[in-house]
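Taken from Swiss-Prot, the feature domain 'KARI N-terminal Rossmann' applies to 2-182, supported by sequence analysis. Residues or ranges marked as NADP(+) binding site in Swiss-Prot: TYR25, GLY26, SER27, GLN28, SER51, SER53, ASP83, GLU84, VAL85, GLN86, GLY134. Under the heading active site, Swiss-Prot lists HIS108, citing sequence analysis as support. The domain 'KARI C-terminal knotted' annotation in Swiss-Prot covers 183-328, and the record cites sequence analysis as its basis. Marked as Mg(2+) 2 binding site by Swiss-Prot: ASP191, GLU227, GLU231. The annotation Mg(2+) 1 binding site is assigned in Swiss-Prot to ASP191, GLU195. Residues or ranges marked as substrate binding site by Swiss-Prot on the basis of sequence analysis: SER252.
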Amino acid sequence: MARLYYDTDANLEPLADKTVAIIGYGSQGHAHALNLRDSGVQVIVGLYPGSPSWPKAEQDGLMVKTVADAAAAADWVMILLPDEVQKAVFQGEIRPHLQPGNVLLFAHGFNIHFGQIQPPANVDVIMVAPKGPGHLVRRTYQAGEGVPCLFAVYQDASGMARERAMAYAKAIGGTRAGILETTFREETETDLFGEQVVLCGGLTALIKAGFETLVEAGYQPELAYFECLHEVKLIVDLIVEGGLEKMRHSISNTAEYGDYTRGPRIITEQTRAEMKRILAEIQSGQFAREFVLENQAGKPGLTAMRRREAEHPIEQVGRELRAMFSWLKK
């Protein structure tokens, strides 16, 4: 089993008298910036001129500068931007201002692991990745708790990179819950695999296939939506709270029996073989190259797929049914 590290295993000393630039002020950016500030760290937010997040960050009491100015003023730079824009921003606005001994941080290893960003040899390169959305990272911190984090070291120029990563994780509240050491490679490859095979790609394909099967068999689309999409949250909440065991303890015997006897007929040996092929594409860099080329071309494929998926019948049915859900309007 992996070892978890807690508050007593880390200290904030590496952050003493240091300025941290948080590049981006989205879901993770606002949580990191505010938690760091509340932990006594000097924080600057780096944004592009005219960013709608600029006044919001200022209203939150933070100093805001352009990305280049923030990078120039900081000792530590955390890049919390979409994967596809990080390379250009790093090359044009961050790299020219990095000084020996600085710390370059990421919350996902994609651009480092796949060579899109090649940092200078005289800076530490580390990762701190909360395993939860930004609003949860912030809310739990304010409640005196935290969200578990992964941390990793890619480049240790100072000899203190590991301690620095743990200090940052502590400052955003991670060590209150526990932090797990990993590598950029492991985090990147497992994250992409989980997204593609289970959480996003696998789940949405399963939901749509179930919906389509019922509708094609003559059942009302509304019932198909309830059974194949709406109730997913009910099951997932049980799994998150107590694992598969709690979910199976909470459902009916009929549902549990169907789980054991029919589930394996959906995830077959052929499905598992395809999972392995997808993992191999991630490990080889094939997916990363494909994604980079897609973005360089202006995202024509992604745009077309978004448009096509938005027109799926399940979306129209869902919009109509969700209008009935009063709890979603609160």
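Note that the numbers count up from 1, one per residue, in the order the chain is shown.
Cβ coordinates come from backbone N, Cα and C, glycine included.
Overlay of Swiss-Prot feature records on the structure.
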residue: TYR25; record: NADP(+) binding site; Cβ contacts under 8 Å, 6 or more apart: ALA33, VAL45, LEU47, SER51, SER53, TRP54, LYS56, ALA57
residue: SER27; record: NADP(+) binding site; Cβ contacts under 8 Å, 6 or more apart: PRO133, GLY134, HIS135
residue: ASP83; record: NADP(+) binding site; Cβ contacts under 8 Å, 6 or more apart: HIS108, PHE110, ASN111, PHE291
residue: VAL85; record: NADP(+) binding site; Cβ contacts under 8 Å, 6 or more apart: none
residue: ASP191; record: Mg(2+) 2 binding site; Cβ contacts under 8 Å, 6 or more apart: HIS108, GLY109
residue: GLU227; record: Mg(2+) 2 binding site; Cβ contacts under 8 Å, 6 or more apart: GLY210, LEU214
residue: GLU231; record: Mg(2+) 2 binding site; Cβ contacts under 8 Å, 6 or more apart: none
residue: SER252; record: substrate binding site; Cβ contacts under 8 Å, 6 or more apart: none
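The maximum pairwise C-alpha distance among TYR25, GLY26, SER27, GLN28, SER51, SER53, ASP83, GLU84, VAL85, GLN86, GLY134, the residues recorded as binding NADP(+), is 20 Å. Neighbour density for GLY134 (NADP(+) binding site): within 10 A of its CB lie 22 other CB atoms from the protein chains shown.
Taken as a whole, the domain 'KARI C-terminal knotted' (183-328) shows an average pLDDT of 97 in this prediction. Each of the recorded positions SER51, HIS108, GLU195 was scored by the other Cβ atoms within 10 Å of its Cβ; the lowest score goes to GLU195. DSSP assignment over the domain 'KARI C-terminal knotted' (183-328) gives 126 helix, 0 strand, 20 coil.
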